[in-house]
Every structure is written in structure tokens, then in C-alpha cells.
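Undergrad: Please read through the structure below; I'll follow up with questions.
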Amino acid sequence: MNENNDDINNLNTPCVLVLDSVVRNNCIKMNERAASLGVNVRPHMKTHKTIEIGKYQFEENKNLNKSRGIIVSTLSEGKFFSKEFKDILYATPIAPNKVKDAYQLHLSIDRLNVMFDNIEHLKSMVDYAIKNPNEFQKKWSVFLKIDCGYHRAGADPKLQSTTDLVELIVNGEYNQYFQFQGIYSHSGHSYKCQTPTDIKNLAIEEARVTGDYGKKLKSLGYKVDTVSIGSTPVCSHLPHNLLSEYGVNEIHPGNYTFYDQMQYELGNCKLEDIGVHVLATIVSIYPERNELLVDAGSLALSSDPGCTHLRDLKVINNFGIVYNDTNLRIVAPSQEVSKIQSTNQSPIDFSKYKIGSKIRIIPNHSCLTAAMFSDYHVINNDNQIINSFKPNKHW
């Protein structure tokens, strides 16, 4: 749907605004950063969940990823993006109840790459192949997920049992069912870093752990096409010798399309790089207690508190900040409304903030915030609505 020349002040609130030129520029900069190091970007779709922004992530031929391979967080996303992208990685170790749908998607595109970090994942995929011999037309395409220190998912690369999984599918009894693509790690613990220097050191550590394991597998005779690392913080502070020293040839950031207050606080972006805002309406003002009330609560902003480890919570705890007046912060979100206070308790200029007027909020965590909405209003540099994007929803 095209909404040319519409003013954002006419929109019902709360709603999401996507800053088109900012998002495009974020995509280009990440691709250029990776290309300068000689590595691919396999972008994650989970933040924006839209075909349009997925295309932005491959614009201007800056991305060395010629297969236009992407990552999704759900099979619903996989089906949604399969209309445009044919090399998809499903980023969660596969549960048995997802196997059938995953294989049907695999058959419909060039390949659906599936994660495993446990022999039970392999068994469930083999079991499906054995029970459905007429449907099993091509091997499963798989990545081994390894743990580089986040401790959420992934096999321990130091254990022999991890390498035994690779042997099982490459040379062992499961060989006829699998095509091994490579290894994948995710440094989600980068969001707990204190400084950009800490993130740079963690990026080196993830590259070392993942790269060394890739080299080990190759030394044992295994073909490892892809060694993939990343999170948006790490991919914003990549070591210059990523490929030459560590053998890492792919990164997989996701949040960088939008960024958010967390990324800003961590030093991964500037405020002007944040490509998504929540538009809200001031529903009441309280000069006597120096507060505003807006119609964007937890169901519009999420309740993610962000980088609390970087804040003096007695002074600056917040669930988002006000665009163009970052001294104002969202506090105490309830379901449909939130209070706004000033960071240092300085007097709010109520002449600027009237009941019924609109404000734009920079969210703590854009992935969760964007997921709250069924459409995005795309705006240009003049704050005019130029398009509407509809994201994939649910599972």
C-alpha cells in the first residue's frame, strides 16, 4: 500500500515509523564493512521480518553473499521469505515437531539449512526420511551450532562428542541423509559488555573459538564451507584479520537494520542510525509531578529494560527515550500507557508537550518493539509517509 504525502501526525497511535533512508544506509554500511574484510553477510530477518527490508540488505551489490542467503528465527518466517530468498538458515536447533514442515520448505527452495547441536536433532531428521522414503528427495542441509561462550544454545567445541556428530553425518551411518555446510556461533553475551573495547575483545574471542574449531574440522578432513559468527554488537566491531587469521568467512547480524537504544548505549551506533521509532500521543500531563502520560505501553514498546548494567538505575532507568529530547525517558510502562519523566529530574518544558500532541520514542529493543505491530509506516527524511511494510507475524 502506498501512502504518499501523508503526514505522520494523522496516524493513529501507537504505531511504528521506519526511517527509510536510515535503514538503507545501515544495511549498506554493514555490507561494506564485511566486504572490506572479504566476508559474506548472511543477514538475520528476525528484527524487521519484511521482504522489503530483506531486499535492502542486499542492495547495491555490496554484500558478497551471492546466494542471497538469509537467516530466520521461525519456520513461519522461512515460508514468508521463501517467496524472495531461496537459501535460508533456520536459526534454532530443530525440534521434532518442526521436522516435517522444515523438510517441506527445504524441498520448495534451493535449501533450508537446519541447525543441530545434539544427536537427537539428527535422529529426528533421519527418522522422518526413513518413514517418508517417497518424499525424501534431497539431503538435509545442516549447520552445527557451537557455543562460543553465550551458553544459550550450541555444542561445546572442546568436546570430542561434538566432533563425533560431524563424523556421523559426513562419514558415518547418517551420511546418506545430510549435507554438512559448516559451523555457526552467536555471541549474544555481547549485550552484557561494558564498553566498545569489551565488545572488540569478545569479537576476537568468538572469531578465535569458532575459527579454531573450523580449522580443526578441516584438519580432520571435513569439508567446512562456512564458518559464521556474530551478533550486531560483534559485527559492529569486527577484527581486521577475521578471514586471514581466523578463517571466518561469514557474519550474521540482524538488529543493525533498525538498531535501538541498547545498541546506542553499547556504542554500536549513533542516535541518528536508529531506524525505527514508536509514534505515541500524549494523553495527559502532570506538571505538579513533572510527568507526561502517553498511549504507548508494554504492548507497544515491550518491557525489555535494556542495558541496565550500564545505568545508574536510581537515575536513568528507562524503557525508551524521546526522540529529539533524550533527556525524557519512558518509565513504568503498563499495558497501554507509559509515564515519561526527565532523566535528571529537571523541569519538563510543558509548553512543548500538550495533550493530544505526538511524540516519537526510541525503543530499548527494536526486535521486540517491531514485533508488536502488524504494519510499519515508512517515512522519508521529510517525515512524510512513503510506504507501508507488513511484517511476518507469529509462528
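Heads up, residue numbers simply count up from 1 along the chain you see.
Each Cβ is built from the backbone N, Cα and C atoms, and glycine gets one as well.
Grabbed the feature section from Swiss-Prot, which reads as follows:
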BINDING   Tyr184, Tyr191, Thr232, Gly254, Asn255  pyridoxal 5'-phosphate binding site
BINDING   His365, Cys367  Zn(2+) binding site
MOD_RES   Lys46  N6-(pyridoxal phosphate)lysine
Undergrad: With every protein chain in view, what's the tally of Cβ atoms within 10 Å of the Cβ of His365 (Zn(2+) binding site), excluding that atom itself?
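TA: Other Cβ atoms found within 10 Å: 25.
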Undergrad: Rounded to a whole number, what is the top Cα to Cα distance in Å among the residues the record ties to pyridoxal 5'-phosphate, namely Tyr184, Tyr191, Thr232, Gly254, Asn255?
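TA: That value is 18 Å for the farthest Cα pair.
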Undergrad: How many Å lie between the Cα of the residue listed as 'N6-(pyridoxal phosphate)lysine' and the Cα of Asn255 (pyridoxal 5'-phosphate binding site)?
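TA: On Cα coordinates alone, these residues lie 8 Å apart.
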Undergrad: Measure from the CA atom of Cys367 (Zn(2+) binding site) to the CA atom of Gly254 (pyridoxal 5'-phosphate binding site) and give the result in Å, rounded to a whole number.
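TA: Per the Cα atoms, Gly254 (pyridoxal 5'-phosphate binding site) and Cys367 (Zn(2+) binding site) stand 9 Å apart.
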Undergrad: At the Cα level, what's the spacing in Å between Thr232 (pyridoxal 5'-phosphate binding site) and His365 (Zn(2+) binding site), rounded?
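TA: Cα of Thr232 (pyridoxal 5'-phosphate binding site) to Cα of His365 (Zn(2+) binding site) measures 12 Å after rounding.
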Undergrad: What is the number of other Cβ atoms found within 10 Å of the Cβ of Lys46 (N6-(pyridoxal phosphate)lysine)?
TA: 18
Undergrad: Using a 10 Å cut-off between Cα atoms, which of these binding-site residues sit near Cys367 (Zn(2+) binding site): Tyr184, Tyr191, Asn255?
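TA: For Cys367 (Zn(2+) binding site), the binding-site residues whose Cα atoms are within 10 Å come to Asn255.
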Undergrad: Could you state the whole-number distance in Å separating the C-alpha atoms of Asn255 (pyridoxal 5'-phosphate binding site) and His365 (Zn(2+) binding site)?
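TA: Here the two Cα atoms are 9 Å apart.
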